[in-house]
Amino acid sequence: MAGTKFAYVRNFELPDPLLPDTYLVCRLDGHSFHRFSDEHGFAKPNDERALLLMDHAAKSAMIEFKDIMLAFGESDEFSFLFRKSTNLYNRRQSKILTTLTSYFTSCYVLYWSQYFPDTPLRYPPSFDGRIVVYPTERAIRDYFSWRQADTHINNLYNTTFWALIQKGGQTATEAHATLKGTVSATKHEMLFSQFGINYNEIPQRFKKGSVIVREIVAPESSDKGEKLEPPFDPFHQQCSKVKKKNKLETKVEVLHCDIISDEFWLPRRHLLEN
Ligand code: ATP
Ligand code: ATP
Ligand code: MG
Ligand code: MG
Ligand code: MG
Ligand code: MG
């Protein structure tokens, strides 16, 4: 196969391994989703169907890529945390990034009609992606805190911005001008006194984003119902049982909770452990 005179060109392909024993964070972001959301009639400021579709695509990606321990999504983006000992594709950067990005994008398209039954896709959406390696647990926690704080800041801004337009009759330019330089307490106050919106009552999904976590299934429940069917080979059964015991069963769950405080992380040591 490699024996032709042309094969030397292969040597121009350079290896791109990611640093060993470091956490990998892959963040995907919709390309030009400002336009995409307009052309597909997304509700503003938060189209719940679009968020549910993003969650579905991210959950599918976590079922496909077992080394993803945690994902966080808001708006048109999702961040995926790979465990630090992952050896997926020998940690080749472009292979991991392109495969995950295209898998996510395909899922987004595949499941589109489940969430937008009356809105045909007008053109193919695409996502950009990047991988950043982080050396410490602290950096990972700060990374996810950064994204969730961003969700909150953007959501408060967008909620007020769209209230000024939809309920206050302002143009986009006027609404931006109204909000220029305001602190968050002012936005809460504007929402409440001018539009009767209590920010605290806005759905958690919009305020906290989506946290998709790989949870360990309690061993008792995973053992249930397992019985040996005759005829069986005792040695083989033993081997497969041992193998099963060492590999804990996990499931993937979507939450809308705080991930900045210890409360999320302390009971979930497995997310950062290896
Ligand atoms: P880029 O290609 O640089 O990422 P972009 O237009 O995608 O450009 P972003 O900063 O990623 O810019 O912002 C995404 C935009 O998509 C938001 O500003 C918002 O207008 C829109 N959007 C994404 N998800 C939703 C949603 N669930 N509901 C309403 N609008 C959304
Ligand atoms: P990898 O993920 O490493 O690329 P792969 O299974 O995709 O693994 P490739 O070396 O890329 O392996 O080979 C692609 C395979 O897909 C071919 O060997 C062939 O079996 C199948 N295939 C692709 N296109 C066609 C086609 N048009 N008709 C029939 N088979 C095809
Ligand atoms: Mg971007
Ligand atoms: Mg975008
Ligand atoms: Mg974005
Ligand atoms: Mg192939």
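Yeah, the Cβs are placed from backbone N, Cα and C, and that goes for glycine too.
Within the same chain, the residues at least 6 positions away from Asp76 (Mg(2+) 1 binding site) whose Cβ sits under 8 Å from its Cβ are Asp29, Gly30, Phe33, Phe36, Ser37, Met54, Phe127, listed in sequence order. Under the three-state DSSP scheme, Asp76 (Mg(2+) 1 binding site) falls in the coil class. Among the features that TrEMBL reports, Mg(2+) 1 binding site is placed at Asp29, Gly30, Asp76.
Spatially close to His31 (GTP binding site) yet at least six residues away along the chain are Pro125, Ser126, Phe127, Asp128, judged by Cβ distances under 8 angstroms. The GTP binding site annotation in TrEMBL covers Asp29, Gly30, His31, Ser32, Phe33, His34, Ser75, Asp76.
If you look up TrEMBL, you'll see Asp29, Asp76 marked as Mg(2+) 2 binding site. The Cβ of Asp29 (Mg(2+) 1 binding site) has 14 other Cβ atoms within 10 Å, all protein chains considered.
The domain 'tRNAHis guanylyltransferase catalytic' annotation in TrEMBL covers 7-135. Confidence over the domain 'tRNAHis guanylyltransferase catalytic' (7-135), given as mean pLDDT on the 0 to 100 scale, stands at 98.
Marked as domain 'Thg1 C-terminal' by TrEMBL: 139-260.
Taking H, G and I as helix, E and B as strand and the rest as coil, DSSP gives the domain 'tRNAHis guanylyltransferase catalytic' (7-135) the counts 56 helix, 31 strand, 42 coil. Within the set of binding-site residues Asp29, Gly30, Ser32, Phe33, Ser75, Asp76, Asp29 have a CB atom less than 6 Å from some atom of ligand 3. Checked against ligand 5, the binding-site residues His31, Ser32, His34 give no residue with a Cβ under 6 Å from it.
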